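Pasting in a structure now, in structure tokens, and then I'll have a few things to ask.
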Amino acid sequence: MEAISVLFLRPVPFSSSPLLSPKNPQIIRKVIPRRTLILRRTLRLSLSHGITNNAPEPAPETAPAPAPAPAPLFSSWTPPQPLWRGLSALILAGQVAHRALSGRIHRRNTLQQLERVGPRSTGVCLLTAAFVGMAFTIQFVREFTRLGLHRSVGGVLALALARELSPVVTSVVAAGRVGSAFAAELGTMQVSEQTDTLRVLGAHPVDYLVTPRVIACCLALPVLTLLCFSVGLASSAFLADAVFGVSINIILESARRALRPWDIISAMIKSQVFGAIIAIVSCAWGVTTHGGAKGVGESTTSAVVISLVGIFIADFALSYCFFQGAGDSLKDAMG
């Protein structure tokens, strides 16, 4: 093959070979047809081995790929975090109510959380109620004494403390102290997968973690509210007697005449509702925590803020339902 290629790439001139000179025409006629035959054989051999001037083989024709199926409408939509956390709080509240009514309560855990919410929070709640009561006493006694209505100061303070100040102040303190602890504790357990460990061990997280906390808040906050009301009224009477000269007996007698049993009952109902809001929101925000330590901090802050907003909204709704129309409590207090 190399000889053939050399023969075709380097043609021998007529002048250099005596056989191919113009003087020998017969030899030329024999050589040229022989070269043509060799060329044909070479081309056939190349085609049989698949050599076609190093040209690439044409790609086989393939069928067109089928068009992808359209994605569902909400497949790529992610709900906002406050929305699904709010829905999780509602679902959690339903689960807690079902377990409490069916008797699926972890008693030992409930007692531990009751001690945590009640006795351990008593000091800060009573201290806050005392100073709030004295601050209101300063504002009311000054103005009412100038108007000659010092006998109604006790009734005004008793109604304000019983209907609004005691349940709201107690709930705010509990949200800052207990609610933040619930959210941080459950958030840490969630990011460290301790709640999954409870499921593996056969204990449902709602039964073991959430229900005891909700029951503890609903039972402890009414008692704390009653104690705060008593301390707030006592501190108000002491300040009015010591600073403004209004006798303690006048304050307490005016408060006795102004208060009705429904005022105390409404305060207890409010505090129970507020306790349920604090516990459910804090636990729901805790069990939906993700993102490590940063997520725990964000969940704790958000749980306290949402709990306070829920307390104020519920306070307005309950006050609107409980106290409608004109009242005559102060008229009885002045008489």
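Each residue, glycine too, has its Cβ placed from N, Cα and C.
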If you look at how TrEMBL annotates this chain, which of 50-69, 290-309 comes out as region 'Disordered'?
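Checked against TrEMBL: region 'Disordered' maps to 50-69.
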Near the transmembrane segment (219-252), which same-chain residues lie under 8 Å Cβ to Cβ, leaving out any that are not at least 6 residues past its ends?
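Sequence-distant neighbours of the transmembrane segment (219-252): 114, 117-118, 121-122, 125-126, 128-134, 136-138, 141-142, 145, 150-151, 153-154, 157-158, 161-162, 165-167, 169-171, 174, 264, 267-268, 270-272, 274-275.
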